[in-house]
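Listed in Swiss-Prot:
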| type | residues | note |
| --- | --- | --- |
| BINDING | D12, E14, D167 | divalent metal cation 1 binding site |
| BINDING | D12, E14, E61, H66, D167 | substrate binding site |
| BINDING | D12 | divalent metal cation 2 binding site |
| ACT_SITE | H162 | active site, proton acceptor |
Amino acid sequence: MSTAITRQIVLDTETTGMNQIGAHYEGHKIIEIGAVEVVNRRLTGNNFHVYLKPDRLVDPEAFGVHGIADEFLLDKPTFAEVADEFMDYIRGAELVIHNAAFDIGFMDYEFSLLKRDIPKTNTFCKVTDSLAVARKMFPGKRNSLDALCARYEIDNSKRTLHGALLDAQILAEVYLAMTGGQTSMAFAMEGETQQQQGEATIQRIVRQASKLRVVFATDEEIAAHEARLDLVQKKGGSCLWRA
């Protein structure tokens, strides 16, 4: 029987906004960090939560997502003031983050601004993208945090606005459910029904236009496209290309 201790930190951030072109983090700042500690698949209550003064204004679009106002952040510490405590908290742990590229990009950017030669986060933490895990488990389905809550019947009624600590707490429950065993029979049957319906629809299209060559996107192309849409939707609040 293994006695190894597994320490995971489920983490989320809120920011002043994001760039649609180029590096999504450049010129923007983290304004909230929420992290939940999980040891051997148990929530410990040893959480990390802080609001940060960004020394720049919050974009209106980002404010619409998380509701964190410029005035509220005026008396909060800067990232530089909490960086050491934050690094000590996450060092050596497995970070579980939904759409990890977004948050890790911001974290590495903030560390680089300190001019202290701090290495990339993935050199002192293992990084697990829970969105990538969900996509492997449920290909072709919506795998946003809200969609996963509905799938696993996890209460997210308090999530009227995005908040880093609340989102981290919800994600911790979701991730434990995702990695804890098989899903319910009802959900499995629902998935099979949807798959059968999808296959039937494809067959009808082929019969009606048998001479038309249909070129489908590869799995890699679909994954890359969905990743970009998730990045836009996660911190933009909405995505034009999704209903």
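Residue 1 is the first one shown; counting continues down the chain.
Heads up, the Cβ atoms here are built off N, Cα and C, so glycines get one too.
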For H66 (substrate binding site), the three-state class that DSSP assigns: helix
Residues flanking the divalent metal cation 1 site, with Cβ no more than 8 Å from the Cβ centroid of D12, E14, D167 and excluding those residues themselves: T13, E32, G34, H66, H162, G163, A164, L165, L166, A168
Cα distance (Å, whole number) from E14 (divalent metal cation 1 binding site) to E61 (substrate binding site): 12
Densest Cβ neighbourhood among E61, D167 (binding-site residues), 10 Å radius: D167
Length of the line joining the Cα atoms of the residue listed as 'active site, proton acceptor' and D12 (divalent metal cation 1 binding site), in Å: 10
